[in-house]
Amino acid sequence: MTDMSGFLWLLVLGFIIAFILAFSVGANDVANSFGTAVGSGVVTLRQACILATIFETVGSVLLGAKVSETIRQGIIDVHMYNGSEHVLMAGSISAMCGSAVWQLAASFLKLPISGTHCIVGATIGFSMVARGHQGVKWMELLRIVASWFLSPVLSGIMSGILFYFVRKFILSKVDPVPNGLRALPIFYAVTMGINLFSIMFTGAPLLGFDRVPWWGTLCITLGCALITALIVWFVVCPRLKKKIKRLNGTVGPMVITDPHSGRSHTIHKDSGLYKDLLHKLHMAKVGDCIGDSDSEERPIRRNNSYTSYTMAIYGIQGDLKNKDQDGALQRRSRVDSVSSSSSIVTSSSVVQDCSVNLETDKNLDLEEDELEVDQPAVSILFQFLQILTACFGSFAHGGNDVSNAIGPLVALWLLYESGSVVSTSPTPIWLLLYGGVGICAGLWVWGRRVIQTLGKDLTPITPSSGFSIELASAVTVVVASNIGLPVSTTHCKVGSVVAVGWLRSRKSVDWHLFRNIFIAWFVTVPISGLISAAIMALFIYVIL
């Protein structure tokens, strides 16, 4: 036992830097949970922030204690600091600094990186300065290097397989609703089962899950999954069926005018031509569609859902450049995915002055790589499912990643309180809550930057593809973690986004952005380690 009262200033400094670190984790890592849900238009950025605040905080308090132990003692041999506890305190502060600086820089550059890798790199950095390469658990570093490749590949394959089946059996059907409704109970059951198993198997001490045997966890999980499936089948599916029926009842026939003969043709929504014409309208030249020969000759640009189809049907001019009265070009505000579903109900059901020459648009047939969008009915099926997977992801993330922010602070606090490097005291709940508040602050202030990268910039996302990404990456993390494979949540999510985007359309993935993200992963450990080492050198040779 060492008297640590002379190092109170280190503790105070540690608390300040830990909050900044938690802020940086919130700004960068929380985007993993809600990036795809915001990108598909299922929730707005504000709604995502509110949901993430609730679930991240609850998850950090209920699940965070267990994971903090690993960060505290799993990377370096703390016994080497017996008799020089103040050096380990300075090391914890250096690690938090190194991790925070690089995560804030990555958030500024809109690049999603792994918070776990940051804190591991920073911990190794200070330890190298303080005690040389002895005491560093190098196998941990090898596991991290393996996870750069393992995480995105495994998660990408899982997401690709899931999306392939969703597309084959639901999206590609003329009427996707019957198959979609039949699959819904299975999707909900798997979502509930996987996430519940993940939370219980982690063994949250506060909830008493650490006392439940593995077979007990499995039985509870399967039971809850079955109950969820029954509730969805008997309660949710009939409601959704009625909602989709009402929606279909409001969408009227399409009226197409032949530009040569001037005769109008009415095409009913049940007709096989309906979807094909939607596609043609969607890709039609702006001048053809709105009767303005001066406007730019470029296709109506889709955004990430069925918005463009709706706009095309009702003659809404979204995301186009139109001339105003002064002749200046003005970009109209983009019609957002969620509001487009209401425009179906409120707009008239006839295209006004919309001429489409189906013969002359031969270029469209050459576009073999057309990006699919969800029909309104499909979006309704997958919307709540995607929100549910995002909330579960946020809850698990709060438990896992609060440790990246608070692990070093817990070590600092227990060192100061007990005066020993091997304290057996449990992680204080109020420290986890402190980390949770910091994470939420980071999300609200700066979270939108990485959310935009993951949800919109990397590839357009729809509710069906978003669900495939969320569920498959969650399954990958749970399975891989429990069989001892090193995976990162961030890397899994990025791998899934890229894989599903590539399946939907070869050209829809921004490969330059993906390359930049991969480079950021590659330099995370060395950069955070170097910053941490520099600060530790300052402590050892100048301050202490």
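Backbone N, Cα and C define each Cβ position, glycine as well.
Feature annotations, courtesy of TrEMBL:
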TRANSMEM  7-25  transmembrane segment
TRANSMEM  45-65  transmembrane segment
TRANSMEM  111-129  transmembrane segment
TRANSMEM  141-166  transmembrane segment
TRANSMEM  186-207  transmembrane segment
TRANSMEM  214-236  transmembrane segment
TRANSMEM  429-446  transmembrane segment
TRANSMEM  513-543  transmembrane segment
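Counting Cβ pairs under 8 Å that are 6 or more residues apart, the transmembrane segment (141-166) and the transmembrane segment (429-446) reach fewer than 3 and are not in contact. Among 7-25, 111-129, 186-207, 429-446, 429-446 has the largest number of CB pairs under 8 A with the transmembrane segment (45-65).
Long-range Cβ contacts of the transmembrane segment (513-543) within its own chain (Cβ-Cβ under 8 Å, at least 6 residues beyond either end) map to 87, 90-91, 93-95, 97-99, 101-102, 106, 109, 111-114, 117-126, 128-130, 141, 144, 148, 453, 457-458, 491, 494, 498. The stretches the transmembrane segment (429-446) and the transmembrane segment (111-129) do not meet in space: the count of Cβ pairs below 8 angstroms, excluding pairs fewer than 6 apart in sequence, stays at fewer than three.
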